[in-house]
Each structure stands twice: as C-alpha cells, then as structure tokens.
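Undergrad: Got a structure for you, questions after.
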Amino acid sequence: MGEFIQFTLNGLMSGAIYALIAVGIVSVFKATKVVNFAHGYIIMFGAYFYFTFSVIVPGAAWAPDWLQSWEPAWMVAMKADLPMFSPMGAVLDWLSNLPRIILGLAGAVICNALLGLLIERTLMRPLIGQSTFAMIMITVGLISVLSGTKGLIWTADAEFVPHIAPNTPIRLNLFDTPIFLFGADLVNVAVALLLFGAIVAMVRYTKSGVAIRATAEDQSTAYSMGISVPRVFSRAWVLAATTGAIAGAILATRNGVSPSLGLFGFSVLAIVLMGGLDSYVGVFIAALTVGFLEAMAQWQFGGEFAEVVPYIAVLVVILIRPHGLFGQKEVERI
Amino acid sequence: MITGDLKATYAADERVLNNGYKQAFVLAMAALCALMPFIANDYIILVASQMGIMLIAVVGVNVVIGYTGLLSLGHAAFMAIGAYSVPILHRLMDNIGLPDGIMPFIAIPGAIAISAIVGIIVGLPSLRVKGLYLAVATLSANFIIIFLIELEALAPWTGGLVGLNTPDPNILGWVFDTQREMFALIAALAFVTILAIQNLFRTRVGRAFIAIRERDYSAEILGISLFRYKLMSFAISAACCRLAGALFAYFYARILPEQFELALSLQLVAALIVGGMGRTMGPVFGVMIIVMVPEVLKFTFGMVAGGAAEVAQLRAPVQEIVFGLLIIFFLMFEPLGINQLVDRGIRALNRWPFARG
Amino acid sequence: MLEVRDVHLSFGGIKALQGVSFAAKPGEITGVIGPNGAGKTSLFNAISGFYQPDRGQVFFGGNDISHLSPDRRAEMGIARTFQNIALFRGMTVLDNIKLGGHTRLRTGLWSALSYFGPARREELELRREIEEKVIDFLEIDHIRKYPITILPYGLQKRVELGRALAMQPKVLLLDEPVAGMNREETADMARFILDVQEQFGITVLLVEHDMHMVMDICSHIVVLNFGQQIASGTPAEVSGDPGVIEAYLGAAA
C-alpha cells in the first residue's frame, strides 16, 4: 500500500508537469488552430537555455564567483555547524545556488520568448489566412530544424542543472511504510499548477483572453471587430514558449538536459488529444491520468514501459471516445 | 492552351502521357533504369537503390497525405514491420522446410498482410473522426512499434537493440546477392508501384480520395463512404511502406530498430512536400532531393574538413536542419513542390516559341 | 417518392424544425419557401442525412431512411446542391462531374490498380455518358477542363447541378439554385431545372428566395416559418394564404 501511494504521488507530480507542457500546445491551438508538433523541441530549447544560464555562464572564467556559488561568511559559518543531510543544509545549498538559478530561469524565459516570437513572425504569420494544414506541416519541419540546431549549439549530453527549490527530503509514514517526497518536486508541482491556473484564468477572464477566444471562433470576424489577429498569434506563441521554458527547466532538473527532452512533446501531444484539444480541464485530467498510469507501469513492469504509456493510452481513448475525453463534437454548418 | 490540345476520341483525351515530352521522359527513365545495372558504378547503384526503396514508401505516403489529405506521421513504423517480417518469416519458413526459391513470394505478401492488422488497429478508430487524430495515432504507433522491437522479451525474434541479419532474396533459384541485382528488382517494383498508384487516380477510387481531401461532406453527398475510403487510402499507403520495408531488409545485410524511428517518418514527409503533394511525379522528384542531400553533405564536409572529427560530427545536425528547412521553404514558397516547377517548364516548352511562361 | 413526416430537429435550445410534413410528388417540382432562418436548409440536411431528426421520419420510395448515413442515401438516388456551392475547388469541371458518377460505377480497388481492362472500359463509358447527358445538356463544354476556382459564380452553380445530374438521381434537392444571380442567369437556371424535370423525369425539391421563380416553376409549394410548416399547396393557394402573407409582410399587411 505504501509503495502504491509513493508511486501514485510520483505519477501525479509528473502529471502536473505534463499539464504545464500541455498548456502551451492547447493555447496555441485555441488561438491559431495550429497543433504545434514541435512544442517538445521548444521545451528542449528552454531546458538548454536554463542549462546555459545556470551552468555554462556562471562557470565561465569572466563570471563573478558569487554567481557560481554565493557563500557569504555567515552561510559558511552556519554550514559548518550542520550535520550531514539536514533540511537546513539543503536550504543553504539552494541559497548559494540562487543567483544562478534566477539567472537561468530569467535567461530561459527571455530566450524562449524570443524564440517563440521568431517562429511566429517568420513561419506562422506569413501563412495567416491560408490552410492550417500548411502551418501544421511547418511545425513538423520545425522539429528537424530545432533538433538539428540544438546539435550545432550544444554538444553536451545529459548534463545536470541546479534544482529550482531546496531539495529537502521529506519523510512521511503512511500505512507503516515510509514515503519520500522531495522539496524541489513539491515546488515544481506548485509552480506548474499556479502557471496552469493563471493561464486558464487569463483566457477566461481578461481582455486578451477574450481576444484569443474570439480569434479561435472566427479569424476574419475577429479581425474585422478590431482584434489584431497577428498580435493574438504572437501572444499565444510567446505564452507557449515561456511556459515551455519553465517546463523545460523543471524537466532538466529532474532528468538532466538531453536531446530526448524533445520527445516529451510527443507524449504530451498524445495527452492533449486524449483530453480533447481545446479543453483545459480535459487536458489537465488527462495529464494527471497519464502521469499516474506511467508511474504504475514503472512500478509493475519497469521503467522502459513507462515511456509508451501515453501512446497506448491515446490509442485506447480514441477507440472508445473518438473526440477525446472532454472534447466536443462540432456541429457542422453546411 | 495556346498550341493544340486537340483530341479526337475520349480515350485519347483520357491518356496520362498526353504529350511527347512526358512520353519521352518516361521512356528515358525506363531505359536508364534498365541499363544502369550494366554501366553504373557501385556508388551510383547504392544511391539509386536507396532512392528506389524510399520512392516506393513516399508513393504510399503520397496516397494518404497528398491525395486524401490525412496527415500521417508514423509511416516509418510500417516500413519497420515490413522489414522485420522478412527475416522472421524466412526463419519460420526455414523451420517448416520450404525451398529458398519461393520464400520471397511468401515473405513479401506476408510482410504486407501481417502488418495490415497493425494498420487497421491504428487507423480504424482515428479514421472515424476528423482532424489530427490519425497523425497522433500513427505517431504513437511509431513509438510503440519501435519500443516493441527493442523490448528485451521479444529480442529472440527481433534481435532487440542490436538488430537482425537479413537473408538475400532467392527468386526461383536466382539469388539476388549483389546490389546490382537488387537494384534491378527494386527499380522494377518501383515502376510497378508508381504505375498502379497512377492507375488508381484514373478511376472512381482515386477520385473519391481527392474528393475527401477537397471537401468531405460534399464527397459524402455523392455517395462516397468517408470511413471506407479513408481506410482504403490508409491501407494502400501502409502497404506501399511495407513493400519498401521488405525491400530494405533484402537490400541491406542487417536491420536495426533505430533506422525506423521518427526521423525516417519525417524524411518521408519531407520528400513528399519537396516533390509535390498529390501528384504522380512528386515523390520521384522529392526522393531524388532527399537522398541526394546527405550525399552532397558528405561530399562537402569531406572537402571542407578533410578528416577533422569535430567538423565531421556536425554533419548529422546540419542534415537535419536542411531537411527541416526544405519542408518549410517549399510549404511557404512552392506548396505544390518541384512537380509544379517542372509542370511549368513543360508548359513553356509546349508553347515555345509562340509564348512564354 | 420522397416524404417527410412530422420531422422535429433542434440544436441545443433552438428548435430548427417543428413537425414538418409533406410529400414531394414524383416527377414534379416542389418548392420550399420561407423567411431567413425558417429552417429550409435544416430540412434539406435532415433529408440528405447530415442531421438526424429528433422525432419523425424521412421516407424515400416507401422506405424509412431517417437513420441512414448521407452516402447511403446518395446511393439510393438522392442528389443535392448546396446554398454556398460545395464543389471540389482544386479539381477540373470534368473531374467534379465524374465524381457524380461514383455510386453508379463498380470499379473496385484491384481493378483500379491494374486499370487496363474493365476499369478503363467503365471510365470511357462514364466519360461518354457525361459528355452527352450532362456537359452538352448544361452547355458547359467550353469549360470542361477548367479548374473550378477560375469560374464565375453562375457557372459554378451550373457545374454543381451537373455533378448532381451525373448521379442520375431519382430526387434532386436544390438549395437556393439562383441565389445571388442576375435576372438572365436566373432565367437560364430556371430553364435548366424545368428541362431536368421534363427530360429526365427527376423529382425536384427546391429551396429558394426568388418568389417569381418559385411561383413560375413549382407545381407545389411548402411554406416554413420559424421551423413550423404554415402552409402547403399550389402556388395560387399559397400566395393567397393569409398566414403566408403575414409571415412575409408582417401582421399589418
């Protein structure tokens, strides 16, 4: 029972991060009707930007020492008194990493926003008003471009990056079995949920959210009502890229940066289709479900089975509910 | 039409090769392929065989993406099934003691038939609905099939991560153990495939595919069952990919799971977009470009870098970028692909010297 | 021939059709009229199978077809055109019309792949038939190789009629065949519709806003208003019906 709870918690935590990745795909789809097949590679870029600004830059010869590791005298003194693996020690370690974590996150968000803007301006905007099929195929081409560009810029594989929060181990006793949680994981989940909630609230209640929904309904009508459709497009892409940067950074802290981060995009695509493409709630539930199922597969059959869970799940869902768990069948006007 | 497009009978008007340039081009291609095993050097035979295998697969992808307008991103998986069926079926036939000479006649259709089941499992549910479900379903199938091939438990059959050795085809006692002989076989099958698919689009079956692409409810009102024809289109395209996969297995001495990953699916799509979606000759032009890109890069990198390892390892990423840029470039600037450029050229030739353009 | 019996249809809270019943007489032209939003196109969609009625049935040749898919109904002999032209825009006129022959052809996958032989014979026969019975008839031989996109609106409407005729249907549903046409084009189209009925004996059901044309060519008229059937009868009966006058001109008239 204890093991089950441990794996369930792990699964739900990765589910929350899937939801954060999915929000980027859903937002772009809602605004532009384009399913971004390359979203995983945008996330991978976010992870590599985080790696660049939190590991490579602080480690450079010209960078100040405090950027690499901030250790004022009081902290050194405190550390000396602490026993090994104490919670306070983890917090202090985090504090001395804080400058590079902040630089890393800021760098990742800014660079990814620029990347999103660049993609929207050069590839998507010229095709506004044309078939969405072409735009979707362009994102397929983008997979190759981004993956190749990554290979040219960053040759390092599977590098580790600092956690964004103190990684204090927390031990609980449930049903007489110990359950381990890590501080960083809990903060990751909190960040993912907060961002997810903020974006849903934004689309639902703010003026630019209304613009996004209007554009989703009918591009040309929205345009003629004074909504700047190109601006809605670029906002959606920037939103997707920045949430992708944070998701990428979080994924990097969990598994290290590596080219395989791009593949997360495909599992999340499967999740998004399971949830029903334009339903935030459906996608959120699908993300948690897949996270949970992955953890179960890992527990029962071993790690390599976890990676095909989203793909099997989406095939099963399509078989049972063709429009996704929460998607609506469109009434067509003929 | 400025110079004559005048026909006296409906039969003449329905011809596909309706002018001298097209006829000459097809004849020249056929003659070239027939002569190549005798005159070309080993390198050209190797590249041309790769093109032939890719071509059969891209012709298949063209049916589903180009003509029917359904996005499929997992056709490498069907190639994988076709390829892996060959050594596995050969082993089974060995066990029951069939003579080598008839094995390909069972292995090739067998490879196509076995994976028809997989195609139906993947295609059936997603073809009932519109949109990108097929794209994601095929993508998922690609990941699942590669996963199964690499799975430890199935390794006695699939060879797992290290792959499988594949047999040479023995057709009624003639063993195709050189690349030259294999090239002849591949070229012949590629011709037959293109011809058969071209025929399809002269009849109601192919027209129904195009109608679904253009406007699905309008196709329905004409009595075209969307589900039936979508499934048929998907099945045909998957069958072409399996044939390509089977030839792939016969051509190379060894097959590995990593050869059939997403990158191959993307290459198939890239070849189609570059060549021209929904056109008979599109795959031909596209495959020429896509197979030439790595060769040209190899040559350029060889010239620029000599043997420098740091530069040489940049070749793979550069190749990926070039494929991606080709897809994007053609979609943005010439969505009908090279085929359209060639058509324009032929039209200009037809009118010359009376008009330009 | 074609009969709708007490058909109800609603989308969410909107009641598009409430108890529509009438029968199209074989070999005659029946008109469906009504103000905008009266449910005319919804009625067509219920007959051709895009919408399933919530209540009531659609009968064709004595069989209940209410729950058949659109393609099954097309096979039985129901053809239609659309209010805002639904031709295959990337194809030529000829290919569009050939698609109309789909249900009458028998070529299957295997004979299609080999083409030479039965498939070719069938294709050439189809071509001859289309040229003689549709393209000649509609006077569109000069544009047969043109792509749809470059044709003017009036000709597109005519090609769409041609595609429906190539099905050799028993019933032809025309959704606003002359909408947006000038007087000359309207007259041409009206003549074609009359010819279709006279030469081929096809039962025609048409929705139209152009009152003059409807009164001229229809032998029977059904009037809808807000999803309800408010009148039905000959043109003379309908145009004298107080309910119809009220629906069209308002209560004061």
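Heads up, the Cβ atoms here are built off N, Cα and C, so glycines get one too.
Source: prediction; values computed, not measured.
Features from TrEMBL:
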type: TRANSMEM; residues: A:12-29; note: transmembrane segment
type: TRANSMEM; residues: A:41-63; note: transmembrane segment
type: TRANSMEM; residues: A:101-119; note: transmembrane segment
type: TRANSMEM; residues: A:131-153; note: transmembrane segment
type: TRANSMEM; residues: A:179-203; note: transmembrane segment
type: TRANSMEM; residues: A:232-252; note: transmembrane segment
type: TRANSMEM; residues: A:264-293; note: transmembrane segment
type: TRANSMEM; residues: A:305-324; note: transmembrane segment
Undergrad: Residues sitting near the transmembrane segment (A:41-63): Cβ under 8 Å, six or more positions beyond its termini, same chain?
TA: 21, 24, 99-101, 103-108, 111-112, 115-116, 119, 142-143, 146-147, 150, 153-154, 156, 159, 161-162, 240-241, 244-249, 251-252, 257, 259, 261-262, 264-265
Undergrad: For the transmembrane segment (A:232-252), name the stretch out of A:101-119, A:131-153, A:179-203, A:305-324 with the most CB-CB pairs under 8 Å.
TA: A:101-119
Undergrad: Rank A:12-29, A:101-119, A:131-153, A:179-203 by Cβ pairs under 8 Å to the transmembrane segment (A:264-293) and hand me the top one.
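TA: Counting Cβ pairs under 8 Å, the winner is A:12-29.
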Undergrad: With Cβ-Cβ distances below 8 Å as the criterion, list the same-chain residues six or more beyond the ends of the transmembrane segment (A:305-324) that contact it, or say none.
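TA: Residues 267-268, 270-271, 273-277, 279, 282, 286, 289-290, 293-295, 297-298 contact the transmembrane segment (A:305-324) from elsewhere in the chain.
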